[in-house]
Each structure stands twice: as C-alpha cells, then as structure tokens.
Amino acid sequence: MVKSHMGSWILVLFVVTWSDVGLCKKRPKPGGGWNTGGSRYPGQGSPGGNRYPPQGGGGWGQPHGGGWGQPHGGGWGQPHGGGWGQPHGGGWGQGGGAHGQWNKPSKPKTSMKHVAGAAAAGAVVGGLGGYMLGSAMSRPLIHFGNDYEDRYYRENMYRYPNQVYYKPVDQYSNQNSFVHDCVNITVKQHTVTTTTKGENFTETDVKMMERVVEQMCITQYQREYQASYGRGASVIFSSPPVILLISFLIFLIVG
C-alpha cells in the first residue's frame, strides 16, 4: 500500500516537472534594448563620443550654434544644456543621443556550451565562411595502380596537405556531401597557398592530392560524427525529466 502511494506521488512529480520544463522552453526571451545585453550586436558608439561628429551650423569650434566649448548652447563644459558630466541634459552615464555616449555597450555573453563545442570540433578559420581546420593527420599510404605514380606519391607526399577544412557534420545530409565539400575547399586552399609561394602543381599532383585529401576527409567525418553522437547522448540523459523517469522505472522494477 505504501509503495503504491509512493509510486503515485513520484508519477505526479514526474508529470509536473516535465510540464514545467516544457513551459520554460516556450517562454519568450525578453528583448534587449540599448546597453541591456539583449542585442547580439551591441552598438558601436565610442565611449568618448561619436567618431564622426555632426556638422552643425556653427563656426569653427562652435557646433550647433554654441560658443567655444559650448555645444548646443550650453555653458563651459556643459554640452547640450546639462550640468558638468551630464551630456544631453542627463545624469552621469546617461547619454541621450546617438553621439556623446559615455557608458560602454555591454559585451555579448558567450555560452560556455558553444565555447566547449568549438574547442572540441576544431579552430574556426577566419575568412572561410565558418570552415574549421582539423588536427594534423598522417598521410595515408595509397596505391594508384602503377609503379610510376606510386613512386611519385612516395617522393612528393610531403607537399600535400595533412589537415583538412570542414564544417560541422550536422550541416550535411550524409557523409558524401561532407567529404565532397571537404575535399574541394582543402585542395583549393592548399593549391592557392602553395602557388603564392612560387610552387606549382601538375595534373598528377592534383590527382594524388584529391585522393589523399578524400581519405583524410572520411576520417575527419567519422571523428566528428562520433563526437557529435556522444555529445547528443550526454545531453539527453542529463536532463532532469529523463533522470526522474529512469528513477521511477527503477523504483517500479525493484518494488
């Protein structure tokens, strides 16, 4: 009888917890205004004023009709009619216009989950549209079908890349799409970089390079796929509703 009541209360607690989590997910995030931290791209005004000051109708050193050091008709050290340290008539750190802002915009907060994911996946390469550079690999031993190409590869393999460029696996529908994109961007970047140094590649070089990079891209996909699968499983089993459900099932089995 006692176990039956305990099982009922645990079931009710599970339903309440699950509902609360669902409601939390549906609640809209509060919108952020200027300097509230809600904007992903905060304002770019400099703390000392506008980088390009407005051009009013006053003479040299007399913006907006005021005297020397008197912008907008205020007294000495009183911009826009406010007191000392009060731009635009506001208090200290309460600028009222698009220029002359005193308080710095708050920096956007970076989620630790995103930082950890980026560190685990690889370093993002600037200027390549979100591509990441994988860790160094050993160049695979490949047989090309004839002695000449096999010997040529062994003698020139050091000239081919040992790292690949790639995007997260969740942006592709299958392995083939990932590998195709990975090979294209890696061969292109390596060819351009090497050509600027005065070294050119022959058709044989490009053919062998594509084969080598293809094998490395397949290896990179397998690594990223396994890592992504592991992170997804850990997130699922660490959520409170799942933990409560597992505990309830264990209680029913043991009881």
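Yeah, the Cβs are placed from backbone N, Cα and C, and that goes for glycine too.
Marked as Cu(2+) 1 binding site by Swiss-Prot on the basis of similarity to another entry: His64, Gly65, Gly66. What Swiss-Prot records for His72, Gly73, Gly74 is Cu(2+) 2 binding site, and it gives similarity to another entry as the kind of evidence. Summarising the annotation, Swiss-Prot assigns Cu(2+) 3 binding site to His80, Gly81, Gly82. Under the heading compositional bias 'Gly residues', Swiss-Prot lists 55-99. As annotated by Swiss-Prot, disulfide bond applies to Cys182-Cys217. Look at Swiss-Prot and you will find 54-94 tagged as region '5 X 8 AA tandem repeats of P-H-G-G-G-W-G-Q'. Here Swiss-Prot flags 54-62 as repeat '1'. Taken from Swiss-Prot, the feature repeat '2' covers 63-70. Look at Swiss-Prot and you will find 71-78 tagged as repeat '3'. Residues annotated as repeat '4' in Swiss-Prot: 79-86. Annotated repeat '5' per Swiss-Prot: 87-94, in sequence order. Residues or ranges marked as signal peptide in Swiss-Prot (evidence: similarity to another entry): 1-24.
Summarising model confidence by region, the repeat '1' (54-62) averages a pLDDT of 45. In the three-state DSSP scheme, Cys182 (disulfide bond) falls into the helix class.
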